[in-house]
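Here Swiss-Prot flags 240 as active site, proton donor. Feature annotation from Swiss-Prot assigns substrate binding site to 51, 52, 53, 94, 199, 250, 251. Among the features that Swiss-Prot reports, site 'Transition state stabilizer' is placed at 160.
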């Protein structure tokens with residue numbers, strides 16, 4: 001039995017509602033929240049109840065399928081207008097995660113030629129389910145490829161949570177840990193706590209422990225010391241957006257780790273599906289970086305820890321330059337070398 005079966009799914013479709021694993025409640029309680037409107041889906045994404053680029057795309061797809069069932073119009077033209085409004089609305093929830101827009105575009109395209117409302121509603125539900133099913137297979141493939149980069153007994157550092165609960169299943173950066181466990185390859189994770197929302201401390205440690213995988217939690221500012229003293233052999237992270245030249249947006253603090261990897265001469269890998277690539281943007285300078293509420297920094301679990309009125313800069317992501325990345329691990333294999341050329345070649349083959 002796969003080790004990830006022990007980990008609750010991030011998103012489940014109920015036909016007339018969506019059940020999302022409320023990740024703001026972890027690790028203290030495992031609670032599912034029922035979403036029945038497009039507004040609830042939007043809020044759930046913004047409030048990080050569902051998070052992780054692939055999972056955001058999945059819940060957005062289900063949200064659009066759900067919303068379409070509630071349109072009262074009898075005309076396909078009005079149906080399409082309402083649907084496009086909902087697509088645009090969901091797109092405002094988290095601007096950096098490209099899987100969100102990828103899923104929205106895919107849902108839009110699925111009904112472009114449809115002439116009846118009933119058929120459109122049926123196709124939207126089927127497409128959302130297909131997106132979820134495909135993501136599970138894609139993440140397993142990423143894990144298989146990533147595992148070739150490591151050997152039994154390796155200590156591997158990661159940040160944030162790019163695991164099973166951030167995807168349909170398996171995750172991206174955490175996928176090789178699960179595949180490794182299935183195949184008898186023991187990998188030990190060192191998880192950065194990931195301030196300010198503690199996705200590493202709350203989520204990565206929780207899901208790896210669910211699967212019986214060795215994990216050690218460290219504070220973010222311990223990373224250099226851990227690499228130096230704990231025989232860290234590599235760093236692997238997820239991604240929220242990868243552009244045409246390989247520059248990668250991921251959780252704030254990722255670039256710090258890439259710089260440390262360069263200094264300590266250890267590999268720095270990015271693991272992400274092709275749906276996370278945005279080849280319409282040429283460099284990372286074009287990526288819009290989400291900035292979040294100051295209270296994420298000034299308060300910890302609701303308690304004020306900084307003087308009231310303190311100025312806060314709270315970007316959710318940073319951009320790691322391609323020259324700091326050893327390889328980008330996708331479901332199609334590992335991209336190395338001239339990223340601009342190799343990414344263009346890969347997308348030409350898959351188009």
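Glycine too: its Cβ is placed from the backbone N, Cα and C atoms.
Here the features listed in Swiss-Prot are painted onto the structure.
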residue: 51; record: substrate binding site; Cβ contacts under 8 Å, 6 or more apart: 23, 45, 161, 166, 199
residue: 52; record: substrate binding site; Cβ contacts under 8 Å, 6 or more apart: 10, 161, 162, 163, 165, 166, 167, 171, 238
residue: 53; record: substrate binding site; Cβ contacts under 8 Å, 6 or more apart: 97, 98, 99, 100, 166, 238, 239, 240, 241, 272, 276
residue: 94; record: substrate binding site; Cβ contacts under 8 Å, 6 or more apart: 45, 46, 56, 100, 290
residue: 160; record: site 'Transition state stabilizer'; Cβ contacts under 8 Å, 6 or more apart: 192, 194, 199, 200, 204, 237, 238, 250, 251, 253, 254
Residues 51, 52, 53, 94, 199, 250, 251 [recorded substrate binders]: greatest CA to CA distance in Å: 17
For residue 53 (substrate binding site): DSSP state (helix, strand, coil): helix
For the residue listed as 'active site, proton donor', the three-state class that DSSP assigns: coil
Any further residue of that chain within 8 Å (Cβ to the Cβ centroid of 51, 52, 53, 94, 199, 250, 251) of the recorded substrate site: 56, 97, 160, 161, 162, 166, 238, 240, 316
Secondary structure of residue 160 (site 'Transition state stabilizer') (DSSP, helix/strand/coil): coil
